[in-house]
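Scroll down for the structure; my scribbles are underneath it.
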Amino acid sequence: MKKYEIAIIKGDGIGPEIVDEAKKVLDAISYSHGFELSYHDYLMGGIAVDRAGVPLPDETIEGCLRADAVLFGAIGGEKWDSLPRELRPESGLLKLRKSLEIFANLRPTVVYDELIEASTLKESVIKGVDILVVRELIGGIYFGEPKGREGDKAFNTMVYSVPEIERIAHVAFKAAMRRQKRVCSVDKANVLDVSQLWRETVTRIAKEYPEVELSHMYIDNAAMQLIRNPKQFDVILTGNLFGDILSDEASMLSGSIGLLPSASIGGKAALYEPIHGSAPDIAGQGIANPIATIASASMMLRHSLGEVEAADAIDKAIVKTLKEGYRTKDIAAFGAKEICTTDEMGSIIANYAAKKGE
């Protein structure tokens, strides 16, 4: 039987609750699909600051580098917001991405038919939406130098090199080849020099993928078009800052940020996480939606472990659970036949994934 080592980072807030449900689903499905998972827990975020004095202990980095993949919950909270930047939970995640040489973030947005009323947009606008945002993750303005403060002035620098743009472009075009073969590259080339280089480089790389249709869009127009006509998009390729914004905007097409997973890939180990935050205001209440984390576990099986059939089983179990009317509190107003706790939702999906609930 195949064996895989998974690094587990539960993090802060609802992180431990939702990661436990993802593990429950993975455990329910692994044996029947011929593989075994072993988990190793590590600290990151606010809990790491409290226990180890830093947001990312060296032990966590080393453990993640040894693992076949990393499954992560969420970090952060008001408790740590006043700390110096280098001690805030978010700095730990940025450092981990850099340590793992991760450079590409994949964020799918799929509108489930069963939850179409959850969106604030009309059914005619969002029905059938299936978008993948490919975001460059370790370059751009979040990491560019120089940055800092001088008296009453503060500054950051947006920097991209040709190799950085080339490698993220390849990720987007390869993803498009498995989808509808359309890439929309989003930049601000009418204002920013760095975006002009981005557009030139992406256009050149596109020639290596003649089957893929490439279009370009300015970030302000893209933000508007994502609401006006989201079905025009297949794969959206963009930089770190713009991708951070667009992926959160796209998430609301589905009606709940608690539904959507993400994968951060390209380096020594891949990191899988829900796109929502740590939601400390509902932590410990048993009402958090675990679907995004369970879907992230499915992406882990698919992209890092090659267990495609198991991933398909989880995805189908999520759809079946929603079709049967099971809902957590955040989506309870839309077709709910039964309101579930976090634990109950995880158990239902686990049962369907293992074919116990058929």
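Keep in mind that glycine also has a Cβ here, set from the backbone N, Cα and C atoms.
Residues annotated as NAD(+) binding site in Swiss-Prot: 77-90, 277-289. Positions annotated as substrate binding site by Swiss-Prot, on the basis of sequence analysis: Arg97, Arg107, Arg135, Asp220. The annotation site 'Important for catalysis' is assigned in Swiss-Prot to Tyr142, Lys188. The Mg(2+) binding site feature in Swiss-Prot is assigned to Asp220, Asp244, Asp248.
Annotated features, which come from Swiss-Prot, shown on the structure.
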residue: Gly77; record: NAD(+) binding site; DSSP (3 states): coil
residue: Arg85; record: NAD(+) binding site; DSSP (3 states): helix
residue: Tyr142; record: site 'Important for catalysis'; DSSP (3 states): helix
residue: Asp220; record: substrate binding site; DSSP (3 states): helix
residue: Asp244; record: Mg(2+) binding site; DSSP (3 states): helix
residue: Ala279; record: NAD(+) binding site; DSSP (3 states): coil
residue: Ile287; record: NAD(+) binding site; DSSP (3 states): coil
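Here the binding-site residues are Gly77, Pro89, and the one with the most other Cβ atoms within 10 Å of its Cβ is Pro89. DSSP assigns Lys188 (site 'Important for catalysis') to coil, not to a helix or a strand.
Ile287 (NAD(+) binding site) sits 21 Å from Asp248 (Mg(2+) binding site), counting Cα to Cα.
Long-range Cβ proximity for Ala279 (NAD(+) binding site), meaning a same-chain Cβ under 8 A and a gap of 6 or more residues, is found for Gly13, Ile14, Ala74, Ala288. Nearest by CA distance to Gly77 (NAD(+) binding site), out of the recorded positions Arg135, Lys188, Asp248, is Asp248. For Lys188 (site 'Important for catalysis'), the same-chain residues 6+ apart in sequence whose C-beta sits under 8 angstroms from its C-beta are Ser195, Tyr218, Ile219, Asp220, Phe242. Cβ-based neighbour count (10 Å, all protein chains) for Tyr142 (site 'Important for catalysis') stands at 15.
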